[in-house]
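**Student:** Pulled these from TrEMBL:
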DOMAIN    188-327  domain 'SSD'
REGION    741-762  region 'Disordered'
TRANSMEM  180-198  transmembrane segment
TRANSMEM  205-223  transmembrane segment
TRANSMEM  229-250  transmembrane segment
TRANSMEM  276-298  transmembrane segment
TRANSMEM  304-328  transmembrane segment
TRANSMEM  362-381  transmembrane segment
TRANSMEM  551-573  transmembrane segment
TRANSMEM  580-599  transmembrane segment
TRANSMEM  611-632  transmembrane segment
TRANSMEM  666-683  transmembrane segment
TRANSMEM  689-711  transmembrane segment
Amino acid sequence: MFRRWGHFVARHRVAVLLMSLVVMALPVPLIPAGMDKLSAEGWDDPHSQSFQVGQSLAKDFGQTGSEIFIIFSSDQIQASDPAFQQEMQNALEPLRGRPEVLGIYDYVTTGADRFNSKDGHKSYALIQISTPVGDAGPVLTEFRNLVKTPTLRQEFGGGVAATESFNNLVSADLRTQEGISLPVTLILLVFVFGSVVAAGLPLAVGLLTIPATLGGIALVALLTDTSIYVVNITTVLGLALAIDYSLFIVTRFREELARWPVAGAIGIAMATSGKAVLFSGVTVAIGLLGLTFFPMFALRTMGIAGAIVVSLAVFFAFTFLPAMLALLGPRVNRWRVRNVARPDPDGNGLWHRLAVLVMRRAVLVMLAVLLLLLSAGLPFLNVNFAMPGMEMLPKGDESRSAFESLMNDFPQAETDPVVVVARPVAGWMTDPGNLARLQQVVESASQLSAGGRVESIFDFIPGGDSTSAGGTAGLLAGAPPELAARAQRYLTASAARLDIIAPVAANSPESKDLVRELRALDDAGGLGLQLLIGGTTASNMDLVDGIVDRVPYALAFIVLVTYVVLFLLLGSIFLPFKAIIMNLLSITASFGALVWIFQDGHLQTLFRFEPVSYVVPTTPVMMFCILFGLSMDYEVLMLSRMKEEYDRSGDNTRAVALGLERTGRVITSAALIMVALFGAALFDRSMILKSMGVGMAIAVLVDATIVRALLVPATMRLMGTVNWWAPAALKRLQARAGMAETSENAFEPTGPPLAPAGSRDD
């Protein structure tokens, strides 16, 4: 099947080449519209209590918008000075009356001292707008142009400003990665192939994959909510896979070109390396589709977009690449810059000698490598999961500086309140009995909030008789418009809202304890009200719980489906299991490095980052789903070549040694290129992308060296011919699936052999 496809492409090379270019170009027009739809949101669990709070705020209170705050400061005059406040009010005046502005709250409009800083030189205004966070970027830009002060300094902050900063940071990091990784990749490819033309082919396939990848992401973004982080991760992944797959096929083509005509060499390359590439692509896609088991749309769309990207990389490796090889033929070796050593046909090369040495001491090598990998993974036992805060933005970013100023200089400011939504079990929320119950909740929350304050409807009821029917009627009728609007924020007929503002950070243990204590109030029952706890802290806790709960399902899917796919490729019931264990060991080591470096702060000077004392829980999830397939990439190539040799000789030891001899160099080369692509994340300013890129680079490096060069041959030697065994019934099943195709032995030359590759360069 694969050989016939290679011959078909060789015969119709021009048509196939044009078809692949058309496929690349088709989704490109979608890119501008799709990129505008990307969002920095999508990390909430829609099944969680905190998500229900967000829905209630939208449904019951009409709060679908977002908030922007502006900090005004001066070194010369106090914030309480009339001149300071007058200049501040003049600056805010252009915003009043705008359709998207729901309210502006500051020291003048509320009289609350919390709007002025401790040192008396800063004052902030809180602006509520009707535009959701993800769509409010243009509103923020317009506000920046409208708010002008002659003498006061100003900083914009809040969710809208933070989202804009994250989006800009991710876009800039993507450009930086591409600017660094592409030239480095080309240099490595030239070094590996020794020929500029041969080196250009994998890079060309990679460059074809990038616009097609962006088009695929744009299509997903137009159909459903999609995370902005999809762009960076899947673009780099698509480029890496396209280059990897092309490297495998081109290497095999050049090897066979020494003995076969062009069409025959393409046929063998596709039947061997091409077959391995297809199965590798399937395993990578399986790993990425594991992300769809998680409820957050950012992870789900990353899995879907990733599977599309893998499909594109395989598609171009099966169409554009063999078509170009057919057009070039032996000219693929033109513009040589160095002579590249060929594998020794007698099996006396470096990789062969290493395999023999390892197999002689298989038990010792296996135990030593296992001890090393498991020790490297130990730091992950002390992982501290938390969702990213403003500290993920670089120092000096305006939105981070504004947030830190609000936290440090305004201790009573509304930074990250814990939000409680209370619903009546019976009647209306405005009934006196339910208001009395709400008062009890407020008092209980005040005792839990550790020196903070609780904002509720009772802050606005005149006369203090908060639970009487008259007090309620006085609140809901005849109140000044601005007061009524603020009251509507906290009470409707169907629900009430409490904001618990404690002087602790959202990721702090104290804030998490507060959420647990509030939820315990509801669990205890007897309140006559249903309490839903939300806000940043609760959302972060729910996200971690949602991920942990679904990891077993994603893991089971990835492992089971990968096992089936590898059986169809290898026809063995033991090798797929062993391959999965190898992958898990590589990933374990990279997880340990992730914690040791980015949580514990080691190598922070070398890697240029600010330690945050935690790991974002989505990072190891995405790393696992991506790395499981990538690690299998090398396993599939190596085991496929070993199987090829075993089918020919029936000698397990010889097959392992020759398999490593034939694939060791290309796997190491591919790994170096992948490390360069992922390692370019070292220059990212986004901690999330930097930690993920470095973690994956470490995993690939460990997998391609320690695991593939040492652990694989050691375990293959210990298992002996059992490696290749399967029940006869399963062997027949593999044959019926059409995957038992033999490789080189099944092919006969279709013409006189060409001169060895590289002997004709002109």
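Placed from the backbone N, Cα and C atoms, the Cβ positions cover glycine too.
Note that the structure is a prediction, hence the values are computed from the model and not measured.
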**Student:** By a Cβ-Cβ criterion of under 8 Å, what residues six or more beyond either terminus of the transmembrane segment (276-298) are in contact with it?
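**Tutor:** Contacts with the transmembrane segment (276-298): 2, 41-47, 224-227, 229-230, 241, 245, 248-249, 304, 306-307, 310-311, 313-314, 317-318, 543, 546-547, 550, 553-555, 557-558, 561-562, 565-566, 568-569, 618, 621-622, 624-630, 632-633, 636-637, 640-641.
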**Student:** When you scan the chain for residues with a C-beta under 8 Å from the transmembrane segment (666-683), skipping those not six or more beyond its ends, what do you find?
**Tutor:** 173, 176-177, 180-181, 184-185, 188-189, 192, 236, 239-240, 243-244, 247-248, 251, 607-608, 630, 633-634, 637-638, 689-690, 692-694, 696-697, 700-701, 703-705, 708
**Student:** Could you give me the DSSP helix, strand and coil counts for the domain 'SSD' (188-327)?
**Tutor:** 125 helix, 2 strand, 13 coil
**Student:** With Cβ-Cβ distances below 8 Å as the criterion, list the same-chain residues six or more beyond the ends of the transmembrane segment (551-573) that contact it, or say none.
**Tutor:** 275-276, 279, 282-283, 286-287, 289-291, 293-294, 579-580, 621, 625, 628, 632, 636, 639-640, 643, 723-727, 730-731, 734, 737, 739-740
**Student:** In the same chain, who gets a Cβ under 8 Å from the transmembrane segment (689-711) while lying at least 6 residues past its ends?
**Tutor:** 170, 173, 177, 229, 232-233, 236, 351, 354, 358, 365-366, 369-370, 372-373, 376, 582-583, 585-587, 589-591, 593-594, 597-598, 607, 609, 615-616, 619, 622-623, 626-627, 630-631, 634-635, 638, 660, 664, 667-668, 670-671, 674-675, 678-682
**Student:** When the pLDDT values for the domain 'SSD' (188-327) are averaged, what is the result?
**Tutor:** 90
